[in-house]
Amino acid sequence: MDMNQYLDVFIDESKEHLQTCNEKLLLLEKDPTDLQLVHDIFRAAHTLKGMSATMGYTDLAHLTHLLENVLDAIRNGDMEVTSDWLDILFEALDHLETMVQSIIDGGDGKRDISEVSAKLDVNGAHAESAASAEPAEAQSSASDWEYDEFERTVIQEAEEQGFKRYEIKISLNENCMLKAVRVYMVFEKLNEVGEVAKTIPSAEVLETEDFGTDFQVCFLTHQSAEDIEQLINGVSEIEHVEVIQGAPLTSAEKPEESKQEDSPAAAVPAKQEKQKQPAKNDEQAKHSAGGSKTIRVNIDRLDSLMNLFEELVIDRGRLEQIAKELEHNELTETVERMTRISGDLQSIILNMRMVPVETVFNRFPRMIRQLQKELNKKIELSIIGAETELDRTVIDEIGDPLVHLIRNSIDHGIEAPETRLQKGKPESGKVVLKAYHSGNHVFIEVEDDGAGLNRKKILEKALERGVITEKEAETLEDNQIYELIFAPGFSTADQISDISGRGVGLDVVKNKLESLGGSVSVKSAEGQGSLFSIQLPLTLSIISVLLIKLEEETFAIPISSIIETAVIDRKDILQTHDREVIDFRGHIVPVVYLKEEFKIEDTRKDAEQLHIIVVKKGDKPTAFVVDSFIGQQEVVLKSLGDYLTNVFAISGATILGDGEVALIIDCNALII
């Protein structure tokens, strides 16, 4: 069998299982008595081990096997969760991630894991011996199912939630060449509709193919016996399937209480914890049993689909214009129907490309844990807006810039605990990672309450490196000085000690974000902290806009940025702090004249009434003054090309139905 056809699936699922292990281990560090977390990590490691063995990645399979032994020892009460032991587990995960990355890069996934294997063997030797003894015992009484305390607890709670327990006997064809592959395929099928609780022989024996043609599975599901049998028979080279529904496990069947007294008390809190959350577990169980159906699609195919749809939108706009000119009722109705249908199609296509930023954010708690240990600092990380969605192609690229900014916040921004106490700050530094939509952009902010940027030292270093001249230095405002840290001249190692707060390689961050069509800016208050703000395009090439007029020119404003449109009297505009504002629903909102911003001659200065559009960036509103509103329309966002990359407050252009080109306004650049 050619395993290359499964490689993409293996890589995607391996990354998901490793992420699960990382997240659950961080939670386990906070609550070492929660055995449900141990069980979740065990399941992820077990699945990864089976996949790795099937694909032939022996180092991956071996290391996850050792990981599994230790986790099994914990859930059986033979080991306790300690900080040192968690460090070893995290180290093992680092090796696993490196091996998976090697496979992604076209390598063989091999790595020297002797050192970490020795650490895991020391901690899990007794678990290994117990695991190795299990197959012989299981095979000697293959028809008698015996469950340990943890397995019994899991099964009983599943039965209380309405699950059925099936004991399934499966026979493979005598001529089956890849028994482990067939077993893996059976498990994949079963895991779509329930959960495999136990196997005879053990999973390790099944993976090494050290068994005959028969194996047994204890399976928990809502499905009927007939459905399960049909599901398994869908796998090739299955000779026979026998599905028997087991009688519910009762408390009378539990081992004697004396056994529980001999084992650590950690097993009891795990059960109590799970009883506290029946609704959550039940919801998860139903979701698992339901088996949501997904399909993996190459991103290039989605790009091609989007390109074709863009052409459809352009033609649709042209048809709308023709229907308007001809004033033909049937044509108008047909175009309106096509508009509605294509609008639904557009939403589906765009949503297919969108991924929540939590796929990137999830790596940072683990990174911060490691940095705390290395730097002897205490950090509290807050993540806000992880559900914010961004195009997949952008998501794949923003990880490294964010890692760089967060490392800078912790390494050079947050002070040591004793220094913070001397300054009257809490001992633990705070880092806030926030994401939110604004118009056709996503903003990601990294904020800390550390030392902030040292204005004087930044200026000194900028002059020393020749980034600016002394004459320029005299005229720079604070925010312009802070922006100097993104200059290439600052990306040298000695900047760590010379500039209080930031300075290493931030030009790389800026270049990367600009290559994605985004930007980065910084605000800081010395002694109070810094805020780095990343602006990224949603890369939604088809957007809904409001067309407006400025003199004879047509412009477009993204609907997603607009709060409201209105017509007001000129006398309603107030003057405060050298700025013009309006009272908008009880809030003071600054006024921006778009014709002034774009240097368009104003021939209507004496107009008594003004058309305004109230837009927002995050929670900041601003009122744009325009000449008139034309109407709402779906348009294709086009780049201005390489020659017009830095046009102020313009994010792109579009071709309207009548052939006119309209510039699309970047509201975020105009909001104060």
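The backbone N, Cα and C atoms fix where each Cβ goes, and this holds for glycine too.
The phosphohistidine annotation in Swiss-Prot covers His46. What Swiss-Prot lists as region 'Disordered' is 250-292. Taken from Swiss-Prot, the feature compositional bias 'Basic and acidic residues' applies to 253-262, 271-286. Sequence annotations record features per position, and here Swiss-Prot assigns domain 'CheW-like' to 542-672.
Taking a C-beta cut-off of under 8 Å and a sequence gap of six or more, the residue listed as 'phosphohistidine' has these contacts in its own chain: Thr64, Glu68, Ala203. Mean pLDDT for the domain 'CheW-like' (542-672) in this predicted model: 88. In terms of DSSP secondary structure, the domain 'CheW-like' (542-672) contains 17 helix, 76 strand, 38 coil.
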